[in-house]
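Colleague: Sharing a structure here in structure tokens format.
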């Protein structure tokens with residue numbers, strides 16, 4: 001997320017590294033300069049700091065994001081608050097447009113106010129700024145963060161920016177005090193899996209019109225609580241989170257916490273490494289073999305916590321249809337729509353991408369924005385439990401055009417590579 005509407009990097013031509021792999025530092029000072037996810041050019045993520053002096057933190061920062069989270073190294077903090085919003089379950093009118101070669105953003109319309117609630121960790125003045133979803137160059141590795149070297153196909157970010165009209169209030173729960181001052185942003189990250197079962201038929205254009213205006217054919221998936229008639233996971237009928245259907249995940253009866261755990265996409269190698277998080281610079285790059293812990297994911301039977309803090313993955317049906325319909329719409333999908341004054345109006349609840357309230361265990365650390373200018377003023381709240389959307393969402397997002405020639409976001413993705421920072425990560429669960 002960025003506070004700026006960036007130019008397209010191709011508007012000013014493309015630069016390439018010299019024979020020594022070095023890109024010249026430009027004298028540009030614009031904070032809205034264009035940037036790319038093409039890793040072979042000087043506008044790409046490894047060289048963002050050379051594009052503009054405003055982007056210098058991208059190259060020399062001390063708390064850059066995203067990171068690989070090593071679950072057993074994260075420090076448990078007993079008093080970390082539950083993640084909530086005020087007002088609760090508020091449906092917002094948002095507008096989404098084509099963001100060129102970047103992830104489309106759902107931005108609240110004027111007058112729409114929603115705040116993140118993390119009592120004692122931050123004050124109550126962080127206002128909803130946008131929702132966006134990152135994807136990768138491959139279908140399986142699209143999340144920006146990873147846990148123990150494992151990625152998911154996408155990662156949703158709910159971005160909150162501190163209200164400029166209010167003063168920062170002191171926090172009661174400090175995260176080690178390594179970085180003085182206040183964080184301008186709170187960003188909630190959610191790992192998104194994809195699946196086929198239980199998401200119904202592909203919505204047609206007429207159905208999409210109704211869905212984007214907030215009309216859904218059945219009960220709101222954010223319902224009346226984990227055990228109410230409609231439950232937070234109302235997608236599975238009247239039984240809510242504790243209903244008969246539960247959630248069995250991609251692997252049938254085993255679910256995300258079953259024998260197979262969650263194996264991520266590409267195993268143990270992280271972005272570039274031959275040994276997962278411990279390498280990060282080795283031979284196999286995106287296509288490693290087994291994952292740091294072999295066959296059993298973090299939440300599998302042999303995972304870090306087994307069933308004690310297991311995750312029941314929510315099938316986010318309504319979020320799926322909203323994202324699918326939005327990404328398919330011409331105003332978002334077509335590059336030629338960039339700059340048009342009228343975007344696509346979408347009604348959504350920012351809680352839709354989140355796990356059920358009782359499963360909102362999270363990791364938190366002080367990092368940065370993952371796009372230029374890579375501002376180091378972000379409190380990250382990365383959800384441990386995953387959420388599942390339909391495979392059609394991933395397909396639709398990857399087919400959004402990011403270039404004048406019709407090249408889509410599938411070519412370079414919209415994920416920044418893992419950063420090698422030694423930041424301290426805390427967690428709300430044992």
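Note that Cβ sites are derived from N, Cα and C of the backbone, with glycine treated the same way.
Keep in mind that what you see is a predicted model, and the values were worked out from it rather than measured.
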Colleague: Of 145, 157, 161, which one shares the Zn(2+) site with 132, 134 in Swiss-Prot?
Modeller: 157
Colleague: What is the number of other Cβ atoms found within 10 Å of the Cβ of residue 157 (Zn(2+) binding site)?
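Modeller: Its Cβ shell of radius 10 Å holds 24 other Cβ atoms.
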Colleague: Taking only the Cα atoms, work out how far residue 132 (Zn(2+) binding site) lies from residue 371 (substrate binding site), in Å, as a whole number.
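Modeller: Cα-Cα, rounded: 12 Å.
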Colleague: Of 27, 370, 371, the recorded positions given in the record, which has the fewest other CB atoms within 10 A of its CB?
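Modeller: 27, out of the recorded positions 27, 370, 371, has the fewest neighbouring Cβ atoms within 10 Å.
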Colleague: Find, among the binding-site residues listed as 132, 134, the one whose Cβ has the highest number of other Cβ atoms within 10 Å in the structure shown.
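Modeller: Compared across 132, 134, the most Cβ atoms within 10 Å surround 134.
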Colleague: Kindly state the mean pLDDT of the region '27 X 3 AA approximate tandem repeats of G-X-N' (225-305) in the predicted structure.
Modeller: 38
Colleague: If one measures from the C-alpha of residue 134 (Zn(2+) binding site) to the C-alpha of residue 370 (substrate binding site), what distance in angstrom results, rounded to a whole number?
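Modeller: That separation, Cα to Cα, works out to 10 Å.
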